Amino acid sequence: MTAITLNSINKRFGPVHVLKDISLEFNKGEFVVLVGPSGCGKSTLLRMIAGLEPVSAGDMIFGDTRVNDLEPRDRDIAMVFQSYALYPHMDVERNLGFSLELRKRAAAEKKERTSHAAGILGLDKLLDRFPRALSGGQRQRVAMGRAIVRDPQIFLFDEPLSNLDAALRIEMRIEIAKLHRRLGTTMVYVTHDQVEAMTLADRIVVMNAGQVEQVGTPLDLYSNPANLFVAGFLGSPKMNFVAYDDPALNLPSALTNPSAQTYGIRPEHIKVTAPDKNAHLVGTIDVVERLGSDTIFYINHGADKPFVVRVPGIDRTAIGEKIGCQFQPEDLHLFDQDGQAISEHKNG
Amino acid sequence: MQKTAFPLGATLRYLAIALYVLFALFPIYWLIKIAVTPDRLIYTEGTQIWPSTFTLDNFVSVLFLTDFLVYFKNSMIVSLGTAFFTTLVATAAGYAFSRFHFRGKAIIIALMLITQMFPLLMIIAPIYKIMAGLRLLDSLTGLIIVYTAFNVPFATFLMQGFFDGIPKDLEEAAMIDGCTRFTALRKVIFPLTLPGLAATLGFIFTAAWSELLFALMLINSDDKMTFPVGLKTFVSKFAVDWGQMMAAGTLALIPSCLFFILIQRFLVKGLTAGAVKG
């Protein structure tokens, strides 16, 4: 069943056309992540779903109901803000129960639902604290608890982890994944962090400049990016792009395609070899990053950007050494002159 | 704890603060000193730090032999009225300027700024004419209207600043939680704006309390005079009754002080701490 349908949604701020004809369907219980660079319109789209920004054109439908003109409070949604947006003059318990207070629910029900949410998030001992006496992670939990208490149809997250430090971010990411499994509610999550997108999402919507570039499961997007933008956006380190006429490139004719303008290859799909005529690309190591689990080489092959290679484990090859790279045909991504993926290659 | 670390910087800092406080409080001290000095000693012991004899006669005469209580009452009505209405209008306007984009916003803000650019002396005649036309001369209501009109722009900017300091996310969270914009304002934003409201109320109250020019021009009869105008009655053609004047001045300080004591707890607290990331 469809939880949210976006039909040719447009958003204009005066003369600026922020979102252009966005059409998407989110299934019930699905975890959808909107991802894209800053300013791509992902947060605006989320705010439109929340009812905090009016829709300039198009239809927004929750289930069977058109919600374009519904106030946020009538949409049965909950939202976790990047800034947490806790009410500073209310203690944690009242923060959690505020939505029930507004709906004039009985004290007993309020108490029960508040302590249920507090239990899920481990906030039991903090109920009488005020937000100013909480750490960042605790505030984030309260913000999520406030959403859980509502038991809404749809959960919206607007970059909820971007204010946390790295360790806490991973911890909260796991909490959110667990929460989704436990509640089974439709969740729409905005982030610019591709790791969050890859790990949390059932489906990812990659956005760029107010448009949807590609929609799909995380692995689908990773393996079959539809265009240069998606290919370059997902994956870390980024996919390498080499022009078809790059003199350092030495592809056997079986791997080439006459309409390909750009070849893409992910750093983790490259085998380091001797710099001989069997190598598909030859260059000199400029920088080495040894992470313990992986070693990352930045190879100068004469182009503006280095060619990045990731090999597992610790590799002692030193800076300044000349090395060769080899790729498997199935790992090579081909893009035409418009930056669109050439799919025939992948299948044949 | 800090003493061992580096006392010199701290000492100098406190010394500077102490000097400033001394400088700021000296006129008030002098006011009180003259008020309790017997009339006959005012000139002979004029420069002494404390008079040889102490008296409360000046206070007694001010309270019971002059119209001071009438002036005081009038000033109270005008100042409280002005503070109330100005804050009411400024809060609404400040919220609108802070949260909404609307056509003509920039022009309205510019116009409000322009009203602050003219010296009062320049506009006193037209104001007199307008108030005469409205039959509001020699009336406390007229005075409240004029004060409110002149204080609203500044108070609006002050309130706008306070609203700007409250994250928009809070209202939006409240609106998703089930508030209308108005309930969000009442239940979430308003409690957080209390320091701002207190500051604005205090500022406007003090401004209205000490205003002389308009009160002098628009009020004629003794029973409508506000305190600053009434103070002039202590200056007669041949002499100035310094003792009584200073006693009256001392008494006039009391409401402002009380008002600030009342609101200071709102002024001091940073109520929004912990609202958003930290």
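Cβ coordinates are placed from backbone N, Cα and C, and glycine is handled just like the others.
For B:72-263, the entry in TrEMBL reads domain 'ABC transmembrane type-1'.
The annotation transmembrane segment is assigned in TrEMBL to B:12-32 (among others).
Positions annotated as transmembrane segment by TrEMBL: B:53-71 (among others).
Sequence-remote contacts of a segment are chain residues at least 6 beyond its ends whose Cβ falls under 8 Å from one of its Cβ atoms, and for the transmembrane segment (B:77-97) they are 105, 109, 140, 143-144, 147-148, 151-152, 155-163, 185, 189, 193, 197, 200-201, 204-205, 207-209, 215, 226, 255. Residues annotated as transmembrane segment in TrEMBL: B:77-97 (among others).
Residues or ranges marked as transmembrane segment in TrEMBL: B:106-128 (among others). With a threshold of 8 Å between CB atoms, the same-chain residues lying at least 6 positions outside the transmembrane segment (B:106-128) that come near it are 97, 137, 146, 150, 152-154, 156-157, 213-214, 217-218.
Beyond its flanks by at least six residues, the transmembrane segment (B:140-159) meets 74, 77-78, 81-82, 85-87, 89-91, 93-95, 97, 112-113, 115-116, 120, 127, 131, 134, 193, 196-197, 199-200, 203-204, 207-208, 211, 214-215, 218-219, 224, 226 of its own chain at Cβ-Cβ distances under 8 Å. Marked as transmembrane segment by TrEMBL: B:140-159 (among others).
The annotation transmembrane segment is assigned in TrEMBL to B:196-219 (among others).
Proximity of distant same-chain residues to the transmembrane segment (B:239-263), defined by a Cβ-Cβ separation under 8 Å and at least 6 residues beyond the stretch ends, is recorded for 28, 31-32, 34-35, 37-39, 42, 57-59, 61-63, 66, 68, 72, 75-76, 79, 198-199, 201-202, 205-206, 209, 227, 230-231. As annotated by TrEMBL, transmembrane segment applies to B:239-263 (among others).
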